[in-house]
Amino acid sequence: MSATATAAPVNDDRSFFGHPRGLATLFFTEMWERFSYYGMRAILVFFLSASVANGGLGMEKPLASSLVSVYGAAIYMSALAGGWLADRLLGSQRSVFYGGVLIMAGHICMALPFGSTSVFLGLLLIILGSSLLKPNISSVVGSLYEKTDARRDSGFSLFYMGINIGSFSGQLVTGYLGEKVNWHVGFGAAAVGMAIGLIQYKLGARHLGAAAATPSNPLTADERSKAYGRIGMSVGAILVVGVVMFLTGTLTAYGIKNAISIAAMVLPVIYFTVMLRSPKTTKVERDRVKAYIPLFIASALFWLIFEQAANVLNIYADERVEKTVFGWEFPASWFQSVNPMFLIVLAPIVAWIWLRLGTRQPSTPRKFAVAVATVGLSFGVLALVALFGDATTKVSPMWLLLVYGIQTVAELLLSPVGLSMTTKLAPAAFLSQMMGMWFLSTAAGYGIAAQVVPFYSAENELAYFGILALCAIALSVLIWIGAKRIKKLMHGVI
Ligand code: GLN
């Protein structure tokens, strides 16, 4: 990884692989946070659907599967609120700490064997905590560097490595403990992971200095009362929806699932309308927002397929894949670690390819088109396995390794590219909200997935994987055809 700075950075510290020491603090905090997040997520669908006799909540698989998707939608939707709170009230550094505390409390709730109440309270706490931690820890990474510091991109790549090292190890540990020992011991491991991350964050906080320590755009006294009014109104609106659902008898797991799913689809529409109509958005900025719309749709469809790892592909691994090696059956959730493992290996190679290609790189819309087709291809492989096999015999684990391998290549074409594109296409007045928009594309993908995943079953694999693969390929063709127009609307942003 190159670490040469062209302009003299203010933060001249190079003690962490050529990067400021503060990056190590953030790297390990996010590593442990992702250890807990992905670790818990890896066994969630199994825990929700396991029979009560086996320590689970005894839900039907389609509902359990949907709930994993709405949980993801809620996690990524709430990033909008967390980003706002940090920008305007708390500052990112403090938000990360409070977020971590809430996440740890959430995992502790889930570790307690008190049935569904403590589980749902736990999930809610993790959602609230992630909203404060996930978007803001990235802002602190960005704030370690001056705008002109050439180490910024490689700093983010290193940070993405931390995410995947955490995800890789968390899913192995929690997966083994949850599936082979006891679900709650698995959730306990996630709580311990987050606790280590928090201790480490506190001990290393002094290395962060002033990076995003205070709100970047603090509320003025005037705005404060208006903002509190709006927060009150939003909380009120959620309560009203809750009361109406309660009164109409729809405040059930199904009802909540549908409400969150709809919110994840409607929120982006509202946000795009506000940005396009705002008098603060200039003509060029408006074009850029328009260019963002097809890319947002591509991203949502991408995550819709990609983020089925923890439910549909987990169930597939459990029911349909041969898992015995040397007479021992390994936990199905271990397949969850395949994507981060490939990512750790492939990320430096892809970064090297982009560096070599320099200005000859494909444009962002083209990269997105290829990413969407590629993720579609991964489901195409599963459709072919279904076509040539039958639902009663187990398939080789190699197929699932291939599927995750293809998905990882697709992820590398879209995820890091999307992050940097988002910051570049953002209208000045909506900079931090636009970061939230990027996470909202994941939320929308998860929200739609919540409606789609219940259709999966071992009997209809060909149709399930085949239709999703065809949708992805069709969208990819549209984006590819429209790439030139989209690029024009981007006005020079590549
Ligand atoms: N795997 C990455 C992370 O955990 C990206 C996930 C996403 O944006 N959907 O941060």
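All positions are counted from 1 along the displayed chain.
Here the Cβ of each residue, glycine as well, is placed from N, Cα and C on the backbone.
Annotation source TrEMBL lists domain 'Major facilitator superfamily (MFS) profile' at 25-487. Looking at the domain 'Major facilitator superfamily (MFS) profile' (25-487) alone, the prediction's average pLDDT is 93.
Per TrEMBL, transmembrane segment is recorded for 38-57 (among others).
The transmembrane segment feature in TrEMBL is assigned to 63-84 (among others). Only residues 6 or more beyond the boundaries of the transmembrane segment (63-84), in the same chain, are considered here, and those with a CB under 8 A from a CB of the stretch are 37, 41, 44-45, 48-49, 57, 95, 99, 123, 126-128, 130-136, 139, 253-254, 256-257, 260-261, 263-264, 267, 307-308, 310-312, 315, 432-433, 435-436, 439-440, 442-444, 446-447, 449-451, 453-454, 456.
Through the fold, the transmembrane segment (96-114) approaches residues 29, 33, 36-37, 40, 55, 82, 90, 121-134, 136-137, 140, 184-185, 187-188, 190-191, 194-195, 197-198, 201-202, 205 of its own chain, all at least 6 residues removed from its boundaries and within a Cβ separation under 8 Å. Residues or ranges marked as transmembrane segment in TrEMBL: 96-114 (among others).
Annotated transmembrane segment per TrEMBL: 120-145 (among others), in sequence order. Beyond the ends of the transmembrane segment (120-145), by six or more residues, the same chain brings 9, 11, 19-20, 22-23, 26, 29-30, 33, 37, 40, 71, 74-75, 78-83, 85-86, 90, 92-93, 95-96, 98-110, 151-152, 155-156, 159, 187, 208, 211-212, 216, 419, 432, 435-436, 439 to within a C-beta distance below 8 angstroms of the stretch.
The transmembrane segment annotation in TrEMBL covers 157-177 (among others). Outside the transmembrane segment (157-177), and at least 6 residues removed from its termini, the chain residues within Cβ reach (under 8 Å) are 1, 17, 19, 23, 26-28, 30-40, 42-43, 138, 141, 185-190, 193, 331-334, 336-337, 339-341, 343-344, 347-348, 351, 416.
Taken from TrEMBL, the feature transmembrane segment applies to 231-253 (among others).
If you look up TrEMBL, you'll see 259-277 (among others) marked as transmembrane segment.
The transmembrane segment annotation in TrEMBL covers 334-355 (among others). Proximity of distant same-chain residues to the transmembrane segment (334-355), defined by a Cβ-Cβ separation under 8 Å and at least 6 residues beyond the stretch ends, is recorded for 1-2, 38, 41-42, 154, 157, 160-161, 163-165, 167-169, 171-172, 175-176, 309-310, 313-314, 317, 321, 361, 397, 400-401, 404-405, 407-409, 411-413.
What TrEMBL records for 367-389 (among others) is transmembrane segment.
Summarising the annotation, TrEMBL assigns transmembrane segment to 395-414 (among others). Within the chain carrying the transmembrane segment (395-414), a Cβ under 8 angstroms from the stretch's Cβ atoms is held by residues 298-299, 302, 306, 309, 313, 316-317, 320-323, 335, 338-339, 342-343, 346-347, 350, 367-368, 370-372, 374-375, 377-379, 381-382, 385, 389, all 6 or more beyond its ends.
If you look up TrEMBL, you'll see 435-456 (among others) marked as transmembrane segment. Tertiary neighbourhood of the transmembrane segment (435-456): same-chain residues 62-63, 65-70, 72-77, 79-80, 83-84, 134-135, 138-139, 257, 260-265, 267-268, 271, 292, 296, 299-308, 311-312, 315, 418-419, 422-423, 426, 464, 468, selected by CB-CB distance under 8 Å and a gap of 6+ residues from either end.
The transmembrane segment annotation in TrEMBL covers 462-481 (among others). Among residues of the same chain six or more beyond the transmembrane segment (462-481), those with a C-beta under 8 A of the stretch's C-beta atoms are 294-295, 297-298, 301-302, 304-305, 365-366, 368-370, 372-373, 375-377, 379-380, 382-383, 386-387, 452, 455-456.
Residues of the same chain lying 6 or more positions beyond the ends of the transmembrane segment (231-253) and with a Cβ under 8 Å from any Cβ of it are 59, 63, 67, 259.
Beyond the ends of the transmembrane segment (367-389), by six or more residues, the same chain brings 295, 298-299, 301-302, 305-306, 316, 361, 395, 399, 402-404, 406-407, 409-411, 413-414, 417-418, 461-462, 465-466, 468-473, 475-477, 479-480, 483 to within a C-beta distance below 8 angstroms of the stretch.
Sequence-remote contacts of a segment are chain residues at least 6 beyond its ends whose Cβ falls under 8 Å from one of its Cβ atoms, and for the transmembrane segment (38-57) they are 63-65, 67-68, 71-72, 107, 110, 113, 115-116, 119, 126, 166-167, 170-171, 173-175, 178-179, 182-184, 186-187, 189-190, 193, 310-311, 314-315, 318, 332-333, 336, 340.
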